[in-house]
Amino acid sequence: VLTLYFLNYLHWNENLSTTVYHAFSGLCYFTPLIGAPIADAWLGKFNTIFYLSILYVIGHVIKSVGAIPTMGSVEVHVALSMIGLVCIAFGTGGIKPCVAAFGGDQFAEEHAKERSKFFSIFYLSINAGSLISTFVTPVLRGDVQCFGGDCFALAFGVPAALMFVALIIFLAGSGMYRKYPPQGNILSSVFKCLGFAVSNRWRHRSKQYPKRNHWLDWAEEKYSKAHHEVKMVTKVLFLYIPLPMFWALFDQQGSRWTLQATRMYSDFGGFVLQPDQVQILNPLFILILIPVFDLGIYPLIGLCKINFKPIRKMAIGMVLAALAFAVATVVELKIQETLPPVPQVNESYLQVLNLAN
């Protein structure tokens, strides 16, 4: 909805709409680096979620007000929209890194099975919510008319109201939650461990000191327990190398792929798919394919005595994703062939439609 809001309501061009959309998305994924230390070292997870959820709701309200045409000039709409989006981005920075961890805190070590079940339900709920919202919100925008056009105010206002309800429900359970006090900045501890390992290795670089199995073992003198966990983290980070490119492409769903859908035929036998409803396929396939794979395909592969480890699953998934990105590229190139040429300086473009027999 957001990209179409920039394009059709604020009347920005496609490039600016895409740029601001991804700037907002990038800020949403950067602010957890601020929210996590706040929770770990200062407020605790519960208070961080609560206070920043209030900011989240305020951002939604401001964003909705900015989508009301009668609320001042275009400059006012732009200002309210940007303020609302910044509030939402910082609000989500307190929610993203804390909610799943706070849920995990509710289970003791001996309740590993129940904790696993909780995360399955949690993940299922997120994708069910995503499925419903990506279907309903474009309907609120396109099928409901207000102020003589698409009702962006309603499309932004309903999530604001639902987020407020969610906050009340979350607060209502406060007395039943297990809340741990802040235990220090974990991220800072990791960086201190890495820094000490590097500096200690540099101080003992002469050949008279015996080599160690791993460069992080040079932190063992000061971080005897933590350095093993940091070693595990560095091994996992190797898997993250291709992920920035993957997400840079995948997040085009909300920008370039939505704009691509606006130029495509979307009538499926009487059901018209809105351009911003294309993203519904992602949570829909997650809800369908997870039980299909877990209950059907993976057990069959196991019966064939094939060692299908998680790393291999991820690798095959990445290859399939790359092929999907290539398909989207081909579709876009074919669409570009059908578009009218863009007039250059001192040129005009005239299109004649002959509707005669």
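Each Cβ is built from the backbone N, Cα and C atoms, and glycine gets one as well.
Automatic, uncurated: that is what TrEMBL annotation is.
According to TrEMBL:
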type: TRANSMEM; residues: 20-43; note: transmembrane segment
type: TRANSMEM; residues: 50-72; note: transmembrane segment
type: TRANSMEM; residues: 78-99; note: transmembrane segment
type: TRANSMEM; residues: 120-140; note: transmembrane segment
type: TRANSMEM; residues: 152-173; note: transmembrane segment
type: TRANSMEM; residues: 232-250; note: transmembrane segment
type: TRANSMEM; residues: 280-303; note: transmembrane segment
type: TRANSMEM; residues: 315-335; note: transmembrane segment
- Item | the transmembrane segment (152-173) vs the transmembrane segment (232-250): 3 or more CB pairs under 8 Å | no
- Task: Give me the stretch from 120-140, 232-250, 280-303 with the greatest number of Cβ pairs under 8 Å to the transmembrane segment (315-335).
- Result: 232-250
- Message: Can you tell me which recorded stretch out of 20-43, 232-250, 280-303 has the most Cβ pairs within less than 8 Å of the transmembrane segment (78-99)?
- Response: 20-43
- Query: Mind checking which residues reach the transmembrane segment (20-43)? Cβ under 8 Å, same chain, six or more beyond either end.
  - Reply: 2-3, 6, 12, 49, 51-52, 85-86, 88-90, 92-98, 182-188, 251, 254-255
